[in-house]
Amino acid sequence: NRSILWRVLPPYYTKIKLFVSSVFTDDVPPYFKTEPVRSQLHLERNRLVLTCMAEGSWPLEFKWIHNTTELTRFSLEYRYLIPSLDRSHAGFYRCIVRNRVGALLQRRTEVQVAFMGSFEEGERAQSVSQGEGAVIPAPRIRSFPQPQVTWFRDGRKIPPSSRIAITLDNTLVILSSVAPDAGRYYVQAVNDINGENKTSQPITLTVENIGGPADPIAPTIIIPPRNTSVVMGTSEVTMECVANARPLIKLSISWRKNGMLVSSGLSDFNRRLTILSPMVSDAGFYECEAVLRSSSVPSVSAGAYLHVFEPPQFIKEPEKHITAEMEKVVDIPCQARGVPQPEIVWYKDALPIDPVKTPRYRVLVGGSLQVNGLLPDDTGMFQCFARNAAGEVQTNTYLAVTSIAPNITAGPSDSTVIDGMSIILHCETSGAPRPAITWQKGERVLASGSVQLPRFTLLESGSLLISPSHISDAGTYTCMASNSRGIDEASADLIVWARTRITTPPQDQSVIKGTKAIMTCGVTHDPSVIIRHVWEKDGLAINVHSIPRMRLDADGTLHISQTWSGDIGTYTCRVNSVGGNDSRSAHLRVRQLPHAPENPTAMLSKSEKRAIDLAWAKPFDGNSPLIRYILEVSENNAPWAILLANIEPESTAVTVNGLIPARSYQFRLCAVNDVGKGQFSKETDRFLDGKPNIFNLGNKNHYRLTGLPVDYQLKNISSPDVTTLLLEDLIIWTNYEIEVAAYNGAGLGSFSHKVTEWTLQGGTLLAWEPGKEEDVSMVTVRPNFQDSVHVGYVTGLKKFTEYFTSVLCFTTPGDGPRSPPRALKTHEDTPGAVGHLSFTEILDTSLKVSWSEPGEKNGVLTGYRISWEEFNRTNTRVTHYLPNVTLEYRVTGLTALTTYTIEVAGMTSKGQGQLSSSTISSGVPPELPGHPTNIAITNIGPRSVNLQFKPGYDGKTSISRWLVEAQVGVVGENEEWVLVHQVSNEPEARSLEVPGLNPYTFYRFRMRQVNIVGSSPPSQPSRKIQTLPAPPDMAPANVTLRTASETSLWLRWMPLPEWEYNGNAEQVGYSIQYYRVGSQGRGLTHIITDRLEREFTIEDLEEWTEYEVRVQAVNGIGTGPWSQPVRGRTRESVPSCGPTNVSAFATTSSSILVRWSEVPEPDRNGLILGYKVMYKEKDSDSVVRFWMVEGNASHSIQLTGLGKYVLYEIQVLAFTRIGDGRPSSPPILERTLDDVPGPPVGILFPEVRTTSVRLIWQSPAQPNGIILAYQITYHLNSTNSNAATVDVLNPSTRQYTVTSLKPESVYVFRITAQTRKGWGDAAEALVVTTEKRARPQPTSRPIVPQKDVQARQVLLSWEPGSDGLSPVRYYTVQQKELPQNNWTVHSASVNHEATSYIVLKPFTSYQFRVKATNDIGDSEYSEESEAITTLQDGETLIHYVFLYFSFVLTFWYIMRNLKKEKTKMEINMLSKHKRYEIRMSVYNAVGEGPGSPPQEVFVGEAGMCASIYFWEFQRKNATERLRTLFMPERGVKLKNLTGYTTYMISVAPFNAAGDGPRSPPTRGRTQQAAPSAPSFIHFSELTTTSVNVSWGEPTFPNGIIEGYRLVYEPLTPVDGVSKTVTVDVKGGGPLWLKLRDLADGITYNFRIRAKTFIYGPEVEANITTGPGEGAPGPPGEPFITRYGSGLTIHWTGGDPGRAPITRYVIEARPSDEGLWDIIIKDIPKDATSHTFNMDVLKQGVSYDFRVIAVNDYGYGSPSMPSPSISAQKVAPFYEEWWFLVVVALVGLIFILLLVFILIIRGQSKKYAKKSEAGNNSNCNALTHGDMVSLDEGRFPALELNNRRLSVKNSFCRKNGVYTRSPPRPSPGSLHYSDEDVSTKYNDLIPAESTNLTEKPSEISDSQGSDNEYEVDPNRQKTHSFVNHYISDPTYYNSWRRQQKGISRAQAYSFTESESGEPEHHGQPQGQGNLFRPKGSRTPTPSQQCSNPPSQHSTLYRPPSSLAPGSRAPIAGFSSFV
């Protein structure tokens, strides 16, 4: 290949000069890189992309064909996309690729779409005769591929069998039908590709002729083979043949191919023949034969053909490039083979060749193509397709006809183009072969078959398209045509003009009448181009020269002076030039003062008194909406005064009320707009009320307490001239409401606005005794406004006492200083009673009276007065006056034994004082009285009780006082008694009332009685009583109220002391009442139930509102007194609702006037600082915009700069210094006025042909009204617009097709829309009439000039790339904020002619990139721009401005220049006990940013509060809590803690300045409390009568768990009885309990609770006994067999239930009605018997047994109980009594015999030493002498042992070698001697022998038995053996002298085999054997010869260590049975 492919280079590589000659000679024909697959399968709704992988000279164009339908036109897009496949997309697809050389047709590919429809048939029925074959076709269903079908009958799957066949087409065949084959059949179809499955409707099959004879039926072929075709290479092919006969078992099927028997590949009862990987040789005639064996009926057969196809293959192909001369003949070879023989079809440039239509083309035999008389048009691509049923293949060649040199028939011409527009430079050529075209500008190649630069496109005709053009494109362009015969070229010059644009368009203006309007129209244009400005007004051109008020500057600016209403309209500036045209419009509005309201009339109101209804007509508004009306009034010809200044502009009537009768009024109005106030209207007629004059007679004043529901008090002022009034006798320190109203003869007028005033001002009188300055008496005196002297009285002082006095004044802020003190003395008065009146020296006629001075002298005592008289006889009174120094007096002249009354009183100058009296009997000395008795208590009340008593002995004188003492609160023997009441001078009292008691308090009373002598002893105490409760007596103290937030106040008080509860402490709480100051309604109340609470936050209050709050204590009886009310105000907040009466009125197409009223006063929540108008387009996502109105005076604003004919949502909100309030609701909707529309948008050309185009568009983005029509204008870009074609379309049209255009030309289309205001701006678009369109190329790298970088926007510019022969419609700009890495779309529709300003964040770094979009699609994104950083703005954080506001000082402090990094600051110099508001703002070099919302802080005293932090010791992070403590408290009670838990507590002080450090934590533990409920309750092993209950420990034990209480009871009575069972479980025990006394099938309720020192809450659950659903059934009835000490239970399995059996359990119960209990668990599931030892049972008790199966569902039903069986063991025969008697008798006989023999032989010889035992033995046995020497007791020992013998041998070991035992001694060697020989044996025992001790710890392992085992002492003895050892007869009588503990070595051992038979060991046991009786822990020692004696001497064992009944044996003797 001689061609060279070049990459498309970016612009900065375009200066490389190309010196490749081959580029100018040949273009590369198109060719396919890869061929598509023959078929491809896809799912529905999947996305499919087909690609046409071809290469060749650029440009390559592609077209797609589906079957025979063209899908696309030729384009540069090589892919075809189907977004969502459906079944209609299935078929054959191929592409055509072409370039200037020729075109090729791609091999087809089949697209298959997998889908599945529904079954197309409903229910159907068919029948078959018995014995015949039933053929049931599968219901039809549309599916690809064919579904897998499964047949079902009555819900069961039908598998193929000898009688059932399912054919390849899913037909169900039932052979030899019988009656049971009848039924309902259906199929389930599954598509293996998409997974869908469907189920058909049923097919009902009936079998007829049932019951007839079963005669044989001849074979018939029901499903014969079918002709089948398959392509070679397929995996397999199957042929089938289904036959029927009867009997079916004798039917045989065989296959033949072309008459030859086939034996391989048969399946399905020979019904199918499968051929794997079929080849051509496998084709042929296949026949199946059905034969009924053992029958004479003839066979049947059927056959079909199998065709195996072979895909086509070329055996001869042409070369890829053929060159031939003109008028010659050329043969293009093409031959192919295949099965069947392929058909040859020829194509030229993708079009089929028809030899009939073109006789020069002839297809030769074999398929080759012959072309005769070659012409230049024969040059092109020739394709040969070979097709047969197996597929197709293709080959191609390029035929070049030569011998004609290139010739440029129409070359380029000099042209001019406007910057940004498109231009085509023509270059048409001829030649053979077709010349290759190359365009150059200078030395730079712009476009050729292999090179294309951006924006330069080589067209099909050879012309060059430049789109869009740039200024730099100006220059000389050369077209060069070349082929193998030569080169031709032509050149032309291109001039590019800069586009003429309006860069400073006119703006909408609103001017005041008479002022000047300036409309700008700045233009940028090419310097060589002459421009002309034309101004139009409302579509009509303006002749500026004919209007003196107008002037047009050279730069296009229009000046209009002396504007008036005729100048109002839309002005359009049009700029015309050869460099382009442009136009911009703006609206001019001329405002003026409104006219005066017309026709004002006034008339008396019919609905209101003293009111006038005023009406007028709306005037001209001066082209500016009216803001308000002003109403002025003239009263009684007085000057005009403003009466109403803000009448709504929509109003045309108003009611004026509050007029004064008998006065004349005249009114006038004027209108106000934003220009100013217009002229006043004509005055109304003077209006006079018809009533006669009534003169004012006076005023009435009334007042009442503020905020309380009390009536007003009236004060009448009779004189009309009095304007002041003094209100007296008011309450001190109280707020009053005062109103004033006038009255006359007609009645009382309206009251004035109320004013409130405190009665705080006045003076305070102070008085105190010298030296007692802290005890001051204070009296408040009201001021005297009439004169300068203020008088007050201090009462309650002591009489005749010196005082210091002082006066101070006070006002609302506080007290003033005290005056200098003055000394005063109170006046003298009569004295009090004398003290201690007593009698002594009592005789018959005289007695002595003594007393003391009065306690209250109240002056100077002048003397005493004493008098006496007989009791109740006043006529006998005698009186004497005594001097003041006399304190005793003897009364004489008395009558003996007479009772007298004696009185004594003191005297001052003021008179006689209080009398003291007593009675006395003369001659009888008084005595101490006795105590009262029989005290009874009645009438118990809250504060008093009645005591009834019997007086005691009076002491021979009258009782002067009764004393009542009581124990208060705590009653006990050792508690204090206090005097609670006394009664004087009532000696006859028998009951008295005790007042002054405390409510709800325990009391016990006792009494004393007092006479002249003294007090009696106390009486016996009364019973203990408790007074009744009463409401609290006192209010909470220290009530304070502070601001907490905008809607809350913080209230604090001192809790009531405990002794003031007056009732049950648990019922004590507080009631808080709060209400707005000045409100008439009742306040709200909140109840607090915690008696210890001391604070409360009152929530849900209104903002910025003053409240009055008071507190009272409450208990279960009632409420106490209210505290003094306190006042507080909530914080200022934002308004809670928007302004009212919001209205909007459109004034122009871009402005709306908005008006509103004030926010209702209750919702202002502070001082309104201004308003914000919120507005946005309705139903759009645009950002809400705001228009701010400062201050509260203006209630209207004109919104300007709005969109035209746009519906806006408008809301108004008010704001305070805290922030913005809620906007008004609902939003007001208002639409701006209509105007001429904007340009249509979205112009695209989806279809472009060489002679026609179709364009589409969208309605204007700014329709500015209702679109009435569209106008389309188009013309060649190179022609004048006057030659344009114009067409007007209806408003619903959105597309337009233009035909008869010039091929490969640039056209300009302009579309404009029309409203009722006229035609709007036009949208312009270029289009090139060519089919070679492509996506645009990327733009150049965006550039951001530094001079265009601002704080919030930058100017972005770029150079466009090639537009792909489809002009760019818009650009998309993306931005990336650094250092982040994600791109975001800034704007997706940047106009390709506009300058793009990007709005950004200040002081932030960005990068940008751009992509272009044309009619075909998007370009790639451009390179990223360089990083740029926006400038700083006023909101960038550089410094802080800190402001704080004092509510008291009312000014702002400003602190600046805080560092940017600083986040904390300390503010000092603040005043205590004041609230401050703090806010912050930031500023930088540009300016100050907005301030933060203010935050309020209260500055108090430092260290006034503390935070108590406390948490559980183990869980700090999860449990830490906070409690606040307010000083001066020094303690706090922490509540709601967890019981019995260790807490850590830390304290941290805090004040308004912040928190202080925490103290080190201290530890404390709470006391025990009731635990929480157990964490869970669980049931297991549930049977019919038992359950295992378990539970969890409490989550919060709150102490030491002492135990649990379990209570269970049936929910329904069992046998008529409902039994509740309570079980207490100790805390240390297990947390489970087995219950066995339940009834079957009963639901029980279980309740468990834990206990510390008290019980906590319980957890409960229900459980039903018996097997649950799914549990196993009962096993079979068990039976039992006995074997020794074991029992075996046998049973059979039962129903397993819903799950397999997992195990069995066995229950047992005593036969005497005991309870069932599980004794054996976890028996394997497969077992049917189980053996167990009877040790688990009680001996001698009869038991019943039953078996229960268990599965995953639980315990099943139990089996029937087994027969009862006793648990008594059967003893072996050797344990029977008779056996023991026999053994004992035999043993006795043997012993007697042995003793007799020993006696006979013992007298003739002595004991000899024993010989060495065993060969090679190192151990020596003890000699007889040694044995005797050890027998200190000198008597033979007899031992009767009953022991179990060891089952293993024990040997004496030394150094690991076992030694033999010594031989058994012979009885003949025994020596007998006389008894006297015993004396010499006494000397043989050494003294030290008594020191032998037993040291078991020194015995090694080798000395012990290897196998000793001890028997349980409680077990029955199984064996009894007798071993007796006898020595010298002299020892017979020495049993008591035997030394205790002598251990004898055992010579021989006896063991019992496992079978119970005794056995002798062949090897004697060693002496190391530990043979000891049962229960003995002392081992039997052994001796070893080589060890030291200290270690191996015979050990001493006391007899106490032996078993009971045994004795120590004598060594050397043994007896055995």
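Numbers run from 1 along the shown chain.
Using the three backbone atoms N, Cα and C, a Cβ is placed for every residue, glycine included.
Since this is a predicted model, take the numbers as computed values, not measurements.
A Cβ distance under 8 Å defines the sequence-distant neighbours of the compositional bias 'Polar residues' (1014-1025), meaning residues of its chain 6+ beyond its ends; these are 928-933, 935-937, 940, 945, 947, 949, 952-953, 955, 963, 965, 967, 971, 977, 1002-1008. The compositional bias 'Polar residues' feature in TrEMBL is assigned to 1014-1025 (among others).
If you look up TrEMBL, you'll see 1888-1906 (among others) marked as compositional bias 'Polar residues'.
Look at TrEMBL and you will find 1977-1994 (among others) tagged as compositional bias 'Polar residues'.
What TrEMBL lists as domain 'Ig-like' is 30-112 (among others).
Residues or ranges marked as domain 'Ig-like' by TrEMBL: 145-206 (among others).
The predicted model assigns the domain 'Ig-like' (219-301) a mean pLDDT of 91. For 219-301 (among others), the entry in TrEMBL reads domain 'Ig-like'.
The feature domain 'Ig-like' is assigned by TrEMBL to 312-400 (among others).
What TrEMBL records for 406-495 (among others) is domain 'Ig-like'.
If you look up TrEMBL, you'll see 500-591 (among others) marked as domain 'Ig-like'.
The annotation domain 'Fibronectin type-III' is assigned in TrEMBL to 596-693 (among others).
Residues annotated as domain 'Fibronectin type-III' in TrEMBL: 833-927 (among others).
Under the heading domain 'Fibronectin type-III', TrEMBL lists 931-1030 (among others).
Among the features that TrEMBL reports, domain 'Fibronectin type-III' is placed at 1035-1133 (among others).
Here TrEMBL flags 1138-1235 (among others) as domain 'Fibronectin type-III'.
The domain 'Fibronectin type-III' annotation in TrEMBL covers 1239-1333 (among others). In the domain 'Fibronectin type-III' (1239-1333), the DSSP tally of helix, strand and coil residues is 3 helix, 52 strand, 40 coil.
Per TrEMBL, the feature domain 'Fibronectin type-III' maps to 1338-1433 (among others).
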*Please work out whether the domain 'Ig-like' (30-112) lies in contact with the domain 'Ig-like' (500-591), by counting C-beta pairs under 8 angstroms that are 6 or more apart in sequence and asking whether there are at least 3.*
no
*Using Cβ atoms only, state whether the domain 'Fibronectin type-III' (1239-1333) and the domain 'Ig-like' (406-495) have three or more pairs under 8 Å that are 6 or more apart in sequence.*
yes
*For the domain 'Ig-like' (406-495), residues assigned helix / strand / coil by DSSP*: 3 helix, 53 strand, 34 coil
_Long-range environment of the region 'Disordered' (1121-1140) - Cβ separation under 8 angstroms, sequence gap at least 6_ = 1032-1037, 1039-1043, 1045-1049, 1051, 1053, 1073, 1077, 1101-1112, 1156-1160, 1163-1168, 1171, 1195, 1211-1225, 1496
*Counts by DSSP class (helix H/G/I, strand E/B, coil) across the domain 'Ig-like' (219-301)*: 6 helix, 47 strand, 30 coil
*What are the helix, strand and coil residue counts for the domain 'Fibronectin type-III' (1035-1133) according to DSSP?*
6 helix, 47 strand, 46 coil
*Helix, strand, coil: count each for the residues of the domain 'Ig-like' (145-206), based on DSSP.*
3 helix, 29 strand, 30 coil
*Helix, strand, coil residue numbers for the domain 'Ig-like' (30-112) per DSSP?*
3 helix, 41 strand, 39 coil
*Could you give the number of helix, strand and coil residues in the domain 'Fibronectin type-III' (1138-1235) as assigned by DSSP?*
3 helix, 43 strand, 52 coil
